[in-house]
Amino acid sequence: MPIVDTGSVAPLSAAEKTKIRSAWAPVYSTYETSGVDILVKFFTSTPAAQEFFPKFKGLTTADQLKKSADVRWHAERIINAVNDAVASMDDTEKMSMKLRDLSGKHAKSFQVDPQYFKVLAAVIADTVAAGDAGFEKLMSMICILLRSAY
């Protein structure tokens, strides 16, 4: 299933949740490295997205991005937000509240172009569980909620 950022998706099944937790656990256990790798892959594949991060200005190579404390800090925040979503799969109201709050911050305070949520979600899905429909469904749920303030 391709990742979507509008509309709705079916709830996750118990089997999908189990598979997501299993795929996510090793990624989160090395979240500092995994998060940076994901964010660097996102910026190298979508350089225009970097303009929404003023602190990353002038970081033009993957090596510069990996060494940046600001990149590492933001990568950790992204990984922790996904981890919160994984942890909240059984409480979608809790997940929704957190992600709607995050949407508001990105829309109003940071003025991020929402098209990039889906692009980043695809990088995360490819890294964690390439081609897994359940993980892509979770990423779709996240993207739909992140667009809610736009």
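Keep in mind that glycine also has a Cβ here, set from the backbone N, Cα and C atoms.
According to Swiss-Prot, the features are:
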type: BINDING; residues: His74, His106; note: heme b binding site
type: DOMAIN; residues: 11-150; note: domain 'Globin'
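Of all the binding-site residues listed (His74, His106), His106 sits in the most crowded Cβ setting, with the most other Cβ atoms within 10 Å. Taken through DSSP, the domain 'Globin' (11-150) splits into 112 helix, 0 strand, 28 coil.
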